[in-house]
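Read the structure below first, then the notes.
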Amino acid sequence: MDIRAAEISAILKSQIANFGEEADVSDVGSVLSVGDGIARVYGLDNVQAGEMVEFPSAGVKGMALNLERDNVGIVIFGEDRAIREGDEVRRLGEIVDVPVGKGLLGRVVNPLGEPIDGKGPIQNVAERRRVDVKAPGIIPRKSVHEPVQTGLKAIDTLIPVGRGQRELIIGDRQTGKTAVAVDTILNQKQVNAGGDESQKLYCIYVAIGQKRSTVAQIVKTLEERGALDYTIVVSATASEPAPLQFLAPFAGCAMGEWFRDNGMHAVIIYDDLSKQAVAYRQMSLLLRRPPGREAYPGDVFYLHSRLLERAAKLNEDNGLGSLTALPIIETQANDVSAYIPTNVISITDGQIFLETDLFFQGIRPAVNVGISVSRVGSSAQIKAMKTAAGPIKGELAQYREMAAFAKFGSDLDVATQRQLARGERLTELLKQPQYSPLAVEEQVVSVYAGTRGYLDKIPTAQVGRFESELLSYMHAKHQDILDEIRTKKDLGPVEDRLKSALAAFADSFA
């Protein structure tokens, strides 16, 4: 072997020239400690807040949340048992993002946008978007003026929800909160079957900390009723790590924003944000952030406000798209003055209160119409609904007041008795079975019959039968009236024909 002196001296010179340079360890760090889904890592000097990192030895990813002077606190998206002290951690150089686009419709994904429904990879992804972005400012927005039809009479008549609104659904466990949300998704089948893209309403259902069986049941219901085709389900079940439960609403929101920013309409349901707050509290306490009220961190209000502010109605210059948010909050023993409920009530544009007592009295959906409110109000209703439902709120309020007095006195005058009878029938009329949302023209006819006195002579127990037979009669004999209400969105031109149809039906009903 021939060794040339010149080569050796060149190698030695280069070694000497490079001697003493610092090795750059900014993109690779090592684990100092790990436990409870949190890793403390040394050496990731240039990592950004919210950046993805990878643990190559364990094959899991994480997100940098705490950037401290001598270490970085990382939350782990997965099982931390395979991670050991001293393991290598690599920066991925990207903030957490998810795939967005119409290719996700009909799919069930995890909070990182990976499919978990066994139907193979997601096709035709439009782009990838960061999960946590700034909400639109004041200038790109427009006031809410188009309705989101939930298909539930109690909501569409009294607490109307508009496209771009944030309407909270709040109540104890087992009061039908998810049922209201699922019915809203099912009711969009008719508009999504049409060809008018400006009327379609795509749906995103985000399940946070739910049982897997519950999520599977909801997906099955949507699939059986043909609603999964226009719905994305984002699932972070109770068995998933807290960081994924915390991330799920943001991932779903990024998917919804793609529709909003491309001139389409979407509604997103967060079921429920109480569990997201609990997951965030767990992460924050493990990261040693200082606790505040009810041990939640100080920025839990900001967590929910920055999420819900992303629901918006955009103006003409920005494509007229909208994202409507229906967050769900679970209360304990009807206590709406707890920390998270009061926070979310103050962020949203109204709330739908569901009550256990009403639920067990058989009033379902169990909406307490007295304290539920929509701050957008009748600007989110079509003209026909305003005309039909105008008197109903006042009549129900008077009914509740008189019903409270009627408990004490037996000798009631005729006007009071009439008011009580009308209120009972209207309350009965607002009942509705699950998975049977009504089209807006059917609701207009039902509510018009109730508020204009056509139910006053019907026994309360017969109101449900009267309504179903009335709608069958209208479809059979007066489909033209229903079509006109649906297309013209106004009662004026058909009101006289509707009155005579109702009078004829009321006379024949027995």
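Every residue, even glycine, has its Cβ placed from backbone N, Cα and C.
Sequence-distant neighbours of R173 (ATP binding site): residues of the same chain at least 6 apart with a C-beta under 8 Å from its C-beta are E330. Under the three-state DSSP scheme, R173 (ATP binding site) falls in the coil class. The annotation ATP binding site is assigned in Swiss-Prot to G171, D172, R173, Q174, T175, G176, K177, T178 on the grounds of sequence analysis.
In sequence order, L158, I159, G350, Q351, I352, F353 are the residues near S372 (site 'Required for activity'), counting only same-chain partners six or more apart with C-beta under 8 A. According to Swiss-Prot, the feature site 'Required for activity' maps to S372, an assignment based on sequence analysis.
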**OP:** Let me know the most crowded of the binding-site residues, choosing from Q174, T175, T178 and counting other Cβ atoms within 10 Å.
**Re:** T175
**OP:** Starting from the Cβ centroid of G171, D172, R173, Q174, T175, G176, K177, T178, the recorded ATP site, name every other residue in that chain with its Cβ within 8 Å, sequence order please.
**Re:** E330, L354, T356, F359, A366
